[in-house]
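Engineer: Quick paste from Swiss-Prot:
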- Asp388: active site, proton acceptor (ACT_SITE)
- Ile261, Gly262, Ser263, Gly264, Gly265, Ser266, Ser267, Glu268, Val269, Lys285: ATP binding site (BINDING)
- 28-39: compositional bias 'Polar residues' (COMPBIAS)
- 57-81: compositional bias 'Low complexity' (COMPBIAS)
- 136-160: compositional bias 'Basic and acidic residues' (COMPBIAS)
- 585-595: compositional bias 'Polar residues' (COMPBIAS)
- 638-651: compositional bias 'Basic and acidic residues' (COMPBIAS)
- 659-685: compositional bias 'Basic and acidic residues' (COMPBIAS)
- 727-736: compositional bias 'Low complexity' (COMPBIAS)
- 755-767: compositional bias 'Polar residues' (COMPBIAS)
- 768-789: compositional bias 'Low complexity' (COMPBIAS)
- 255-562: domain 'Protein kinase' (DOMAIN)
- Thr56: phosphothreonine (MOD_RES)
- Ser59: phosphoserine (MOD_RES)
- Ser623: phosphoserine (MOD_RES)
- Ser632: phosphoserine (MOD_RES)
- Ser694: phosphoserine (MOD_RES)
- Thr700: phosphothreonine (MOD_RES)
- Ser711: phosphoserine (MOD_RES)
- Thr737: phosphothreonine (MOD_RES)
- Ser752: phosphoserine (MOD_RES)
- Ser755: phosphoserine (MOD_RES)
- Ser778: phosphoserine (MOD_RES)
- Ser781: phosphoserine (MOD_RES)
- 28-100: region 'Disordered' (REGION)
- 117-177: region 'Disordered' (REGION)
- 585-795: region 'Disordered' (REGION)
Amino acid sequence: MAGNGKDKEVDKSPSVSTLKLLGKRLFNSSSHTDNSSLLLSAEQLGNGRSLRKRPTSPSISGSGSGGNSPSSSAGARQRSASLHRRKNNASVGFSNGSVSSHKSSVALQDLIKHNNNPYLNSPSDILGTGTGIASTRDRDRAVLDREKEKERARNKERNTHHAGLPQRSNSMASHHFPNENIVYNPYGISPNHARPDTAFADTLNTNKENDLSFYMHDGNSKIRMLPLPIANPNDFLPEDMKQYSVHLTDNFVFDTDNKPIGSGGSSEVRKVKSSYRQKDVYALKKLNMIYHESPEKFYKRCSKEFIIAKHLSHNVHITNTFYLLKVPTTTYTTRGWGFIMELGVKDLFQLMERTGWKNVPFNEKYCLFKQVAQGIKFCHDNGIAHRDLKPENVLISKEGICKLTDFGISDWYHVIPHDYTSPVKTCQGMIGSPPYTPPEVMYFDAKKHYPEKFQKPYNPLAMDSYALGIMLITMINNIIPFIDSCNTDARFREFEVSYDNFINHQNPHFRDKGCHKPGPGSEYSLARNFKNTDATRIAWRLADPNPATRYTMDDLFNDPFFQQIETCVEPNDDDLVRVPELRKSTSTNDFSENSLDAPHDQEVIHTSNPFLKKETLTSKPRSMLEIAESPSLKQKSKVKDSAKTKTHDVGDEGGNESTKPKQQDKKENLKKDEVKNGDKDKVIEEATTTNVDSILEKPTPTSTKVEDNLSEDDSTMKELKSMLNSTPTTPTHNGPTPLPAKAGTQLDKRMSDLSLKSETPASTKNFSAPNVSSSSNSLRSLGSPSVSSSKKKKVIHHHLDITNSVTNMSSVSAFISR
């Protein structure tokens, strides 16, 4: 068949040319071409009138006339059925601009529906004649317009300062390109790769976790960022709390682990180290903007929390807060403010959720409870209500001491702050954390839908007392008593019924002030595990649903059972926590950029404790300008050193030594030799004097007598020095320098009269008085000024040695790095 001439004509079939011709007619026609002309063209094409040679081509007209020619039946090859179907489907009849075939019409509409054509919403009809396609496009455009209107309405409801900004389209299909030039966008054209905002990060699309905004903040798109520039913390702090440095990176570095040790709705906690002592690790509490908070409100809220925490930091049961610093944007955190705080080992909740907590003795649990109560009492004594007390906000130090933290919603409870004679300021609104929030506060919970007649102002001090009682019940029962402290919780209703039944049938005076009769017994579910009715009295009185009869902190500390609880730490003990150093400051507002230059005429030793007086250096090095103005001024200063004890002139250090006569040099050399011979005598004298001073300052059982003797005879130390200097001897290299016999006898007598003892290490030191401390905080208590011979022995508690059989608990996964 290859040699047949007719077959060659079949091979030269101009089907491609026919399709090109049809395409040119479609695109060159007007937008409203008459359908009859198109139908005619199709018929002409189908009948083969426009073809040069197509004797074997079948008719593609829809009428069925004009079948195969006689020449095609003579030697034409057979056509496959699929080819016939394909050619028959190509028979197009344009009626109203739509495809006549039902199947092809459905396929085309489905293709348009899922197509992402950027020119789909163009105002000019690129396809020309199609009205069906345009109608589908109009419907899609209407749907997208409605979605954009809804998005604009949601942005207005957010009430942010950038809500009125033009919103980006959600897809390329909804964007218009009529008169726009294509501009390079480094952030991509995908709506998920939204351009990061300088003020807010919550407007970013979170459909994909790996968008560009993930690298611009902590990974949580709900975190809002402060606008630049970040305010100076010193502008919001009182004069006695202003800081030498306000930048985090000046004196601190992030921990290499780069793992947060805690996070909440308004903050995140990470580890930082001192730039000068890598062993000194602290906690950085990075503060975040919440809800619809403006930057000004954020600064006021954070500065208020810092002032309250700083004001309470001089107590052993309060977590020390050192500095309020500006945090830059790094790979660890976003820009903003942050606190430098004392780092805790664990929190109380982590201890309570351990499997070995149920086996902890009651006296150790009561010890922890009393420590928390002492911290709350200290806050109330200083005019501050915590208002968010819960086990998660009680940190445990490495010595096993409970420390309160998180003063984010704390407030002064007096009408006039710092005026303790002013009345108590009541509060309104829902604050705190259920179930530690009392019933009078739960009435303000919008989710409970309580009527306004129940929403009355409440006392914030009673709120702390209730939380303390629920915490004690949780510590003893190893489970939270109820979820919410309101009548919508079945277990709380059961607690209220039990409370009323105990008062009505067993102890009618249970709520009376000063009544210390036994509390509920084992017949009540929330009192069964106490094993002590006096302990249940404390817990139930603190958790009284009625705030009018609830235990106050004064009532608690007057309770006989509470007074008998032994603790391993006293509230007046010193808390030896190293204060981080601030050696460098890059702030240009209030301080010099050079950390070595003092901000005033006298060098100031900056301290983080506002209650300590600032120490000033008595002498300041002269500048080159002062030396040039008064070169003849000579300031004599004595330099005390173990190797050099000569007197020199400050004014002679500028190169005048080279012009001295040789005779004067010889005299000075002779003086130096004499000084060297007497160096060891003076070293012994200074060491002995230092030892005497240190021993006199340390507490002893007879420290009162020592102070009396010193007050009556102020020349005691002068006599000791004179005895040492009476007969100096030449030191030898074979052994220590012997003291004169007379001087030694007098010194021994004087030392025995003053009951002085030689200083020995704390580990081998034996006191004549009873042991003052042997607990986990013994290193901090030894040598404390509060130690006296009449003080009772402290108990030994190992609060951090609670066993845990579960190695990885989901609830503490964020705290494993501690």
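From the backbone N, Cα and C atoms, a Cβ is placed for every residue, glycine too.
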Engineer: If you measure Ser263 (ATP binding site) to Asp388 (active site, proton acceptor) at Cα, how many Å is it?
Structural biologist: 16
Engineer: In which DSSP state, out of helix, strand and coil, do we find Asp388 (active site, proton acceptor)?
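Structural biologist: Asp388 (active site, proton acceptor) sits in coil per DSSP, no helix or strand.
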Engineer: Long-range same-chain neighbours of Asp388 (active site, proton acceptor), Cβ under 8 Å, sequence gap at least 6?
Structural biologist: Asp406, Gly408, Ile409, Ser410, Ile431, Gly432, Ser433
Engineer: Just checking, which of Ser263, Ser267 (binding-site residues) has the fewest C-beta atoms within 10 Å of its C-beta?
Structural biologist: Ser263
Engineer: Using DSSP with the three-state reduction, classify Gly265 (ATP binding site) as helix, strand or coil.
Structural biologist: coil
Engineer: Whose Cβ, among the binding-site residues Ile261, Val269, has more other Cβ atoms within 10 Å than any of the rest?
Structural biologist: Val269
Engineer: What same-chain residues, at least 6 away in sequence, bring their CB to under 8 Å of the CB of Gly265 (ATP binding site)?
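Structural biologist: Within the chain, Gly265 (ATP binding site) has Cβ neighbours under 8 Å at Ile290.
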Engineer: Note the mean pLDDT of the domain 'Protein kinase' (255-562), expressed as a whole number.
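Structural biologist: The average pLDDT of the model in the domain 'Protein kinase' (255-562) works out to 92.
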